[in-house]
Amino acid sequence: MQFDNIDSALMALKNGETIIVVDDENRENEGDLVAVTEWMNDNTINFMAKEARGLICAPVSKDIAQRLDLVQMVDDNSDIFGTQFTVSIDHVDTTTGISAYERTLTAKKLIDPSSEAKDFNRPGHLFPLVAQDKGVLARNGHTEAAVDLAKLTGAKPAGVICEIMNDDGTMAKGQDLQKFKEKHQLKMITIDDLIEYRKKLEPEIEFKAKVKMPTDFGTFDMYGFKATYTDEEIVVLTKGAIRQHENVRLHSACLTGDIFHSQRCDCGAQLESSMKYINEHGGMIIYLPQEGRGIGLLNKLRAYELIEQGYDTVTANLALGFDEDLRDYHIAAQILKYFNIEHINLLSNNPSKFEGLKQYGIDIAERIEVIVPETVHNHDYMETKKIKMGHLI
């Protein structure tokens with residue numbers, strides 16, 4: 001498929017056009033027509049109904065939903081993607097509410113600042129969806145994409161979306177979407193590209209605190225940061241003057257290894273080794289909330305259950321439905337840039353960290369090996385990291 005850049009899509013939306021937005025191939029892997037409510041024209045919903053034929057929905061911000069008392073359609077949402085459908089609506093000035101004209105009227109009234117909850121009949125023929133406050137950075141769905149795109153065009157935070165179906169009633173994917181794009185001369189973007197666009201456009205971290213932190217390995221400066229869009233908390237330990245070509249360790253949080261000294265992994269040993277090195281030579285440790293290579297603590301324990309049944313650390317992740325490594329290093333790169341660091345010496349045995357930082361503009365001048373002893377309990381784990389994940393150990 002041939003995708004367009006985000007800026008060209010924003011211009012098209014602001015001109016009242018409809019675009020195609022494609023989500024992740026591991027999610028729905030489908031394309032929706034998306035329009036911005038404030039800019040869309042009288043033919044937009046008719047085009048969606050005639051050409052796309054999916055369910056026409058109206059993503060809105062939480063503020064709009066709360067102001068108009070758009071309550072959730074069900075109390076117990078069991079949708080696998082957590083789509084926040086509200087009760088369906090028609091504006092009171094409509095008749096049946098189903099015509100393209102009347103659904104357009106209802107959508108436009110959603111963003112009218114003079115509209116009140118009493119101005120909408122329930123149920124109706126337009127289906128509002130409530131977007132997460134932090135948009136695609138919190139949830140990579142079409143709902144959030146539509147509201148984010150509206151905001152990026154300077155419009156009120158609301159859109160209209162419709163899934164694209166083939167003539168035979170199946171969902172359009174891949175080359176079907178490409179043909180639809182070419183037939184109707186539409187811009188087509190991915191939610192992944194929208195996520196990256198927002199990451200580059202907006203700061204993702206906030207500095208919160210700095211303290212002296214005495215430890216068993218020396219006294220460090222500890223900085224506290226908050227991830228703007230996920231509310232995750234990140235701490236950074238530094239020793240000595242901060243400079244270019246800083247010695248840097250990116251350490252993914254490991255409760256079992258770092259705190260309980262588990263011998264299933266080498267995480268705790270690597271952290272202690274890095275703290276000793278940084279205390280002696282100066283540098284920085286960025287402690288990232290990426291438990292279990294990004295799958296979280298409880299899923300890591302589930303992976304351990306599978307390992308006890310004969311899986312390894314990679315096949316266990318895959319069996320649980322995850323990639324072998326979900327970590328992203330954009331936050332780490334943002335923290336380095338906060339300290340005006342673009343060139344580092346990286347304490348790591350993991351090549352993916354090198355590539356992960358390079359894609360966000362961080363130059364790795366030198367790799368510093370982190371040497372820790374194996375134990376009888378983590379031998380197979382270490383071998384898997386070396387053979388299947390390419391770790392330099």
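Placed from the backbone N, Cα and C atoms, the Cβ positions cover glycine too.
The feature active site, nucleophile is assigned by Swiss-Prot to Arg327, with sequence analysis given as support. Annotation comment: Swiss-Prot describes Arg27, Glu28, Asp32, Arg139, Asn140, Gly141, His142, Thr143, Glu163 as D-ribulose 5-phosphate binding site. Marked as Mg(2+) 2 binding site by Swiss-Prot: Glu28, His142. Residues or ranges marked as Mg(2+) 1 binding site by Swiss-Prot: Glu28. The feature region 'DHBP synthase' is assigned by Swiss-Prot to 1-200. The region 'GTP cyclohydrolase II' annotation in Swiss-Prot covers 201-393. Annotation comment: Swiss-Prot describes His125, Glu163 as site 'Essential for DHBP synthase activity'.
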Rounded Cα separation (Å) that holds between His142 (D-ribulose 5-phosphate binding site) and Arg327 (active site, nucleophile): 23
Candidate with sparsest Cβ neighbourhood (10 Å radius) among His142, Arg327, the listed recorded positions: Arg327
Residue, out of the binding-site residues Asp32, Glu163, whose Cβ gathers the largest set of other Cβ atoms within 10 Å: Asp32
Mean predicted confidence [pLDDT] for the region 'DHBP synthase' (1-200): 94
Shortest C-alpha distance to Arg327 (active site, nucleophile) - which of the recorded positions Asp32, His125, Asn140, Glu163: Asn140
C-alpha spacing of His125 (site 'Essential for DHBP synthase activity') relative to Glu163 (D-ribulose 5-phosphate binding site), in angstrom: 16
The residue listed as 'active site, nucleophile' - helix vs strand vs coil (DSSP): coil
CB within-chain contacts under 8 A for His125 (site 'Essential for DHBP synthase activity'), separation at least 6: Ser88, Asp90, Thr96, Gly97, Ile98, Glu102, Arg103, Thr106
Three-state secondary structure, His142 (D-ribulose 5-phosphate binding site) (per DSSP): helix
Cβ atoms near Asn140 (D-ribulose 5-phosphate binding site) (within 10 Å, other residues, all chains): 19
